[in-house]
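Feature annotations, reproduced from Swiss-Prot:
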ACT_SITE  Ser150  active site, nucleophile
ACT_SITE  Asp311  active site
ACT_SITE  His344  active site
BINDING   Arg217, Asp345  substrate binding site
DOMAIN    44-350  domain 'AB hydrolase-1'
Amino acid sequence: MSVSIVREQSITISDGIRLDSGRILAPITIAYETYGTLNTDASNAILVEHAWTGSAHLAGKQSENDTKPGWWDAIVGPGRLLDTDRYFVICSNVIGSCFGSTGPASINPKTGKRYNLTFPVITIRDMVRAQKLLIEMLGIRRLLSVMGGSMGGMQTLEWITQYPDAIASAVLLATTPRPSPLAISMNAIARWSIFNDPTWRKGEYKNNPKDGLALARAIGHITFLSDESMQAKFGRKFSARDGQFDFFGQFEVERYLDYNGYSFVSRFDANSFLYLAKALDLYDVSWGYESMAEAFARVSAPLQFFAFSSDWLYPPGQTEEMVSCLRKLGKEVEYHLISSSYGHDAFLLEHEAFSPLVKRFLDAAYAKGGQ
């Protein structure tokens, strides 16, 4: 059963936070949604981390007229993986994004204008630093679990290394300890698409630079898929409306990318896209440490990792590198390689493949009372 109508909430922290860059971002607003009820000792809270272009709207609908539920609706609700009769589930929008939390589209209180490119560069660690303040303000000392895929997995890595005493377990899916040169290259091309749109105006646009942002999204979307899934979905079919010898005729896959690119423009801010892409590229779990091993030496919670066989953006070997390091340190870690043809997006599309394993893992954490 899905959750019922949910409402977005927010908190504002007037003192803000000190960022990894050394700058102070203040005030900050954090948008979030919750599902279920926090128990009396606040031991049943699970924080779910969203990916690059996600939001706090994890599940359910925000009004009766909503046509689409939240981005991971299938796993949240009574009797589902994240059972809201048992757990208090939280999802917040990261700072730097554009769905209610402070980002480049927010108003700078010092100028009364949008931050745009005066917004400071942020890191994944900065995002989690803000989340930690939210969790404390909700009266939660220790999270039963933190769970996330892709960029959400990077945030989860920061929780297990920066705040090991604040979590009792963690689930990480389709993530990486650091993006590869290939991943950075794809993001670079996406950035250039926006930079070269004349309507971007170095971030000072009135309306989203639609052509640049649509192309950037299409480039990113390709990295979320796989050759196998694209062959199955599209093959080499031409659009029924386009002739093979029409110069502007399109393959079905082209029409798909065109639709996904331009539909994205209406819901996401171009500058936020750029700032979050920068945060992704900068990410390295060992930043500030001598090595990954030194970072992972801080881990105290049991961990569960998932990789997906056809994910070429953050391929299984990158997860296996982390798992190997953690096991050498004697940490409690599970690893599951899921056979899938869906590429990087498998963590969103094939929850049935990992849900029983995650349920067992969370059941064990819950049985310990979040200790």
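Cβ atoms are placed via backbone N, Cα and C, with glycine included.
Structure with Swiss-Prot features highlighted.
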residue	record	DSSP (3 states)
Ser150	active site, nucleophile	coil
Arg217	substrate binding site	helix
Asp311	active site	coil
His344	active site	helix
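For the recorded positions Asp311, Asp345, counting C-beta atoms within 10 A of each C-beta gives the highest total at Asp311. The C-beta environment of Ser150 (active site, nucleophile), restricted to residues of the same chain at least 6 apart in sequence and closer than 8 Å, consists of Ala51, Trp52, Leu173, Ala174, Thr175, Tyr314, His344, Phe347.
The distance from the Cα of Arg217 (substrate binding site) to the Cα of Asp311 (active site) comes to 18 Å. For the pair Asp311 (active site) and Asp345 (substrate binding site), the C-alpha distance works out to 8 angstrom. Other Cβ atoms within 10 Å of the Cβ of Arg217 (substrate binding site) number 24 in total over all chains.
The Cβ neighbour count for His344 (active site), using a 10 Å radius over every protein chain in view, is 23.
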